[in-house]
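Summarising the annotation, Swiss-Prot assigns ATP binding site to GLY19, PRO20, THR21, ALA22, SER23, GLY24, LYS25, THR26. The substrate binding site annotation in Swiss-Prot covers THR21, ALA22, SER23, GLY24, LYS25, THR26. Residues or ranges marked as site 'Interaction with substrate tRNA' in Swiss-Prot: SER115, ARG136.
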Amino acid sequence: MPSATESKPETRKVVSIVGPTASGKTGLGIAIAKALEAKGEQAEIVNADAYQMYKGMDIGTAKASPEEQAEVRHHLIDIIEPDDAMSVARFQEIARAKIAELQAREVRPILVGGSGLYARAAIDDISFPGTDPEVRKRLEEREKVEGAGALFDELKTKDPEAAARMDPHNPRRTIRALEVIEVTGRPYSASLPHYRYVIPTVQIGLDLPREELDRRIDIRTKQMLENGFVEEVERIRPRLGITAGKALGYQQVVDYLDGLCDLNDTFMSIAQKTKRLARKQMGWFGRDPRIHWLQALNPALLGNAMAIIEHADAGDYDAIDAQADAYTQHHLGDIA
């Protein structure tokens with residue numbers, strides 16, 4: 001029987017830990033799972049980092065170590081080969097199935113990952129319409145002949161809601177919107193992402209002063225070199241597909257192996273690009289008013305996170321979260 005502070009399985013929210021790279025998400029996820037276990041509740045981690053799903057890409061993606069995975073069971077790590085392609089639509093299907101499986105066993109899923117769209121795809125009202133190369137090509141040809149303005153005028157007629165949320169000077173997005181309308185027969189606006197949970201969730205964000213985050217990224221980049229990242233890339237390079245090859249750091253090391261740059265410049269570039277990625281991630285996550293931000297350096301981090309989870313399970317944030325989509329679209333605009 002649940003104690004006064006222990007939630008019932010049917011009220012337990014999925015916990016999603018978000019934040020920039022190197023902010024400590026993996027460590028907090030493990031700590032939360034162990035704290036829940038101490039209260040008599042089982043919890044397991046579901047990876048939401050796009051590149052940690054690839055086998056053999058361990059050092060460059062900062063994958064949870066074997067020791068960390070032994071502490072708490074992890075899911076959706078090492079599930080595809082480097083020459084396979086993981087898309088956010090494919091991940092959404094896999095992740096939701098895994099979450100449902102865990103919940104059926106009364107195990108609380110803890111979603112951990114730095115890929116913002118992937119984390120949201122698992123829990124939010126987001127759909128991913130298919131593409132049609134022939135339709136896309138025809139629209140691109142029309143844009144060259146008629147101009148972007150003509151296509152945007154067509155979009156305003158076919159889907160005024162989508163047009164109102166889009167930049168008229170971005171023909172790529174206009175073409176995508178018209179493509180979706182033609183392929184699906186539905187308004188493009190129906191597929192735009194919403195800040196609306198389809199799986200009850202509480203999101204915890206990790207924040208760090210920029211100087212500390214930069215310091216951690218520098219340390220991590222140095223450790224990547226020391227731990228054999230060059231050898232990792234050399235080993236998997238023959239099987240590195242287009243999608244997996246987009247993981248930050250891998251192409252830089254490939255260029256080094258091809259003699260296009262020296263080792264020091266390679267890892268300096270990786271550190272600089274990682275810092276830029278971290279800024280971008282903070283901008284992405286910063287738009288979501290449902291995230292409960294915690295200072296990662298606070299000694300009381302775990303206790304604060306557990307308190308947020310307890311309040312979420314009690315339904316204390318439900319009313320505010322329900323207003324998030326309307327608030328975000330009104331104040332910040334569309335992000336798609």
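Please read every residue number as a count from 1 along the shown chain.
The backbone N, Cα and C atoms fix where each Cβ goes, and this holds for glycine too.
What Swiss-Prot annotates, mapped onto the structure for a quick look.
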residue : record                                 : contacts (Cβ under 8 Å, 6+ apart)
ALA22   : ATP binding site                       : ALA62, LEU213, ARG216, ILE217, ARG220, THR274, ALA278
SER23   : ATP binding site                       : LEU206, ASP207, LEU208, LEU213, ARG216, ALA278, ALA296
GLY24   : ATP binding site                       : LEU206, ALA296
THR26   : ATP binding site                       : ALA62, ALA64, GLU68, VAL112
SER115  : site 'Interaction with substrate tRNA' : ALA48, ASP49, ALA50, TYR51
ARG136  : site 'Interaction with substrate tRNA' : ILE175, GLU179
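In the three-state DSSP scheme, SER115 (site 'Interaction with substrate tRNA') falls into the coil class. Cβ-based neighbour count (10 Å, all protein chains) for LYS25 (ATP binding site) stands at 27.
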